[in-house]
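Database features (TrEMBL):
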type	residues	note
SIGNAL	1-20	signal peptide
DISULFID	30-45	disulfide bond
DOMAIN	59-209	domain 'Cupin type-1'
BINDING	104, 109, 114	oxalate binding site
BINDING	107, 109, 114, 155	Mn(2+) binding site
């Protein structure tokens, strides 16, 4: 009986881990058909007979992103929205360009772990562990260095050098999602009540009102 309970516990744990990431494909590919009329967890499959090489192709990751914005950074995503052939394959990528002192602000990928490789420049990067420890883990990265940001944890990248910086990120989901912390908290539509945020952050409501009046941009 004890062995059976152990086996059932192990099976439950294995299933929960298996379901924690994108589902595995059950055929060679399932190219996304974005015009489906029913919402599903992912995308409908395009008729395989209509699939072409363009469904697996993206051009332009060699081109610098426009960093002329308040954050001084630009993310060029390459996920299932850009390459329909990524549907069900559980992987995506992004190019991140940084102006001097540019910032990819604290954010979360709720559905994917990120592995970042620095191509040019120097980046100060980090993530924060979950409650209750809330430990900040940081590292200064140089050209050729690689760093991992675990799924679901708040993380950031900051250009710590005097010149431009470029990085390539790979993520363990076709659609890892993005939650920019400041945008979500202070730029939600409709806004979160200022008395709620004032109590949460232990500040005066005027501070919250000021922050909510700012223009919160995505990069």
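Glycine too: its Cβ is placed from the backbone N, Cα and C atoms.
Recorded features from TrEMBL, shown on the structure.
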residue : record               : Cβ within 10 Å
30      : disulfide bond       : 22
45      : disulfide bond       : 19
104     : oxalate binding site : 26
107     : Mn(2+) binding site  : 22
109     : oxalate binding site : 23
114     : oxalate binding site : 24
155     : Mn(2+) binding site  : 22
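Here residue 107 (Mn(2+) binding site) is positioned 12 angstrom away from residue 114 (oxalate binding site), judged by their C-alpha atoms. Each of 94, 107, 116, 149, 155, 157, 169, 171, 176, 178 belongs to the same chain as 104, 109, 114, is absent from that list, and has a C-beta within 8 angstroms of the C-beta centroid marking the oxalate site.
Comparing residue 155 (Mn(2+) binding site) with residue 104 (oxalate binding site), their Cα atoms are 9 Å apart once rounded. Taking the mean position of the Cβ atoms of 107, 109, 114, 155 as the Mn(2+) site, the remaining same-chain residues with a Cβ inside 8 Å of that point are 108, 112, 127, 149, 153, 154, 176, 178. Here the Cα atom of residue 104 (oxalate binding site) is found 33 Å from that of residue 45 (disulfide bond). Each residue contributes its Cα atom, and for residue 107 (Mn(2+) binding site) and residue 30 (disulfide bond) those atoms are 29 Å apart.
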